[in-house]
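Inspection log for the structure reproduced underneath, given as structure tokens.
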Amino acid sequence: MPARKIAVIGAGYVGLTTAATLAAAGHGVTCVDVDRDKVAELRAGRVALLEPDLPELVAAGRRAGLLRFTARLPDALLPPHPPDLVFVCVPTPRGEGGAADVSIVEAVARDLGRLLPPGAAVVLKSTVPVGTADRVRGLLRRPDLPVLSHPEFLSEGSAVHDCRHPDRLVIGAGTTPADRAAARRLADLYTDLAAPVLLTGNASAELIKYAANAFLAVKLSYANTLAELCESVGADIGDVGRGLGLDPRIAPAHLRPSPGWGGPCLPKDTHALLDLARTRQIGFPLVRAALETNDRQHHRIADKVRTAAGGCLDGVRIAVYGLAFKAGTADTRDSPALAVARLLHAQGAELTVYDPAAANPAGPDDWYQTADNPYTAAKAATVVAVLTEWPEFARLDWALISQLMHRPHVVDARRILDPEALEACGLTVSTVGRGTR
Ligand SMILES: NC(=O)C1=CN([C@@H]2O[C@H](COP(=O)(O)OP(=O)(O)OC[C@H]3O[C@@H](n4cnc5c(N)ncnc54)[C@H](O)[C@@H]3O)[C@@H](O)[C@H]2O)C=CC1
Ligand SMILES: O=C(O)[C@H]1O[C@H](OP(=O)(O)OP(=O)(O)OC[C@H]2O[C@@H](n3ccc(=O)[nH]c3=O)[C@H](O)[C@@H]2O)[C@H](O)[C@@H](O)[C@@H]1O
């Protein structure tokens with residue numbers, strides 16, 4: 001595999017991980033971000049994202065002189081660093097009506113059209129709606145520049161591992177010889193990986209990404225409704241999920257019940273797929289139901305907390321354990337923990353929140369207090385609601401927590417606690433997906 005010169009635009013979860021992984025493979029990478037503070041931090045050797053191995057990988061790339069950071073796009077595109085491949089890894093947030101907002105991708109495309117020297121290919125790694133590659137071609141106004149669709153499938157909390165061990169690599173290209181040659185050049189980056197490389201058209205590659213995330217969303221909502229059924233019929237979703245997941249056609253991942261699924265991508269991408277189907281006059285009730293079920297799940301967990309509190313939350317102190325959308329990340333974007341906390345707050349609960357990693361995103365209206373440890377959070381609370389599956393929650397001194405609380409109730413929306421052990425400490429425990437018959 002020849003060493004390539006690569007520009008990566010956007011130094012977030014996807015861009016920074018991509019840049020560092022490619023530098024580790026021996027390519028020369030310039031990573032550009034509009035956030036000057038972030039670039040200054042990266043240049044000083046500091047990585048703000050909570051991602052295992054990422055700081056070390058970034059440091060190694062910089063030491064080897066293969067990874068540079070800049071806030072100026074021309075520095076990443078013009079000599080002495082003209083790239084062979086430009087990876088676009090900028091945000092595509094949920095826009096009006098659920099459609100993805102691709103305005104940042106479009107702005108970048110206009111700049112690339114002006115600045116890119118001949119011979120480079122544009123690689124869209126951001127999650128973008130079907131048709132974006134063609135739209136980017138138009139905005140570039142440069143028929144000489146190939147545009148490839150190369151969606152990313154990494155998960156937060158395991159970004160580096162997922163980039164090094166992908167399940168598959170999807171590369172979509174147009175029909176021109178230049179596009180096809182660029183697709184092969186991109187595929188050559190991955191010859192050392194065991195993953196299958198799927199070469200498709202741009203539209204298929206773009207759709208695969210949304211189809212994958214919406215499928216996971218459907219699976220998660222299916223599991224959460226099964227958990228509700230388990231509670232009603234005296235079954236246990238842990239056993240039911242294991243029994244289901246052992247079927248290789250179903251697979252074990254994404255069957256754990258929760259207060260709902262969230263994060264920066266599954267909700268926005270599910271909405272975007274629905275929007276795409278709507279614009280083609282195709283109903284997609286299955287995906288719509290996954291979203292509705294998710295909303296219901298937030299309410300169902302909030303109801304469990306209210307029941308544990310004795311039926312009324314007005315003025316009742318609740319300790320919320322976990323704000324991140326899942327364990328292993330500090331990310332609170334579209335977090336189910338926040339969604340449930342908001343429902344509790346709307347019913348008058350007084351919330352004290354503890355999360356081992358997530359920053360406080362409450363904002364200026366400050367509708368909850370934060371605690372810097374779980375014991376302070378539990379003081380005088382009537383219910384502890386475990387909303388993120390941080391493993392350390394299972395290792396807490398629950399006997400102490402029981403003494404600190406006003407009334408010792410726990411709602412375990414993530415099934416990470418041992419109910420018998422907690423009950424031995426004098427707590428009553430309500431666990432999602434566990435029936436009592
Ligand atoms: N976070 C994840 O786990 C995954 C995200 N994706 C997709 O990848 C894309 C990026 O997502 P994340 O990396 O999570 O976003 P992020 O928010 O972590 O990072 C995006 C970065 O782009 C920078 N940026 C914004 N506008 C820019 C511009 N014009 N030029 C240069 N930099 C700019 C921001 O300052 C930020 O540092 C999105 O489309 C997302 O849906 C895909 C797979 C996984
Ligand atoms: O496009 C993206 O950004 C990424 O979105 C997800 O990755 P991520 O958002 O990091 O999170 P997941 O691990 O999929 O979890 C999503 C949500 O589902 C919840 N979840 C996950 C697994 C499970 O069994 N149960 C469950 O409730 C998590 O707590 C979280 O709230 C996908 O898993 C990635 O493949 C994809 O690349």
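Note that Cβ sites are derived from N, Cα and C of the backbone, with glycine treated the same way.
The candidate list Lys219, Lys304, Lys326 contains one residue that TrEMBL assigns to the substrate site with Phe153, Leu154, Ser155, Glu156, Lys209, Gly262, namely Lys326. Applying an 8 A CB threshold to same-chain residues 6+ apart, the list for Thr127 (NAD(+) binding site) reads Thr92, Ala100, Pro151, Glu152, Lys209, Tyr210, Asn213, Cys265, Asp269, Ala272. Cβ neighbours within 10 Å of Arg333 (NAD(+) binding site), excluding its own Cβ and spanning all shown chains: 17. When the alpha carbons of Phe153 (substrate binding site) and Arg333 (NAD(+) binding site) are compared, the span between them is 18 angstrom. Of all the binding-site residues in the record (Leu154, Gly262, Lys326), the one with the smallest CA separation from Arg333 (NAD(+) binding site) is Gly262. For the recorded positions shown (Leu154, Cys265), fewest C-beta neighbours within 10 angstroms: Leu154. Across the domain 'UDP-glucose/GDP-mannose dehydrogenase C-terminal' (319-419), DSSP assigns 29 helix, 18 strand, 54 coil. Reported as a whole number, the C-alpha separation between Gly262 (substrate binding site) and Lys38 (NAD(+) binding site) equals 25 Å.
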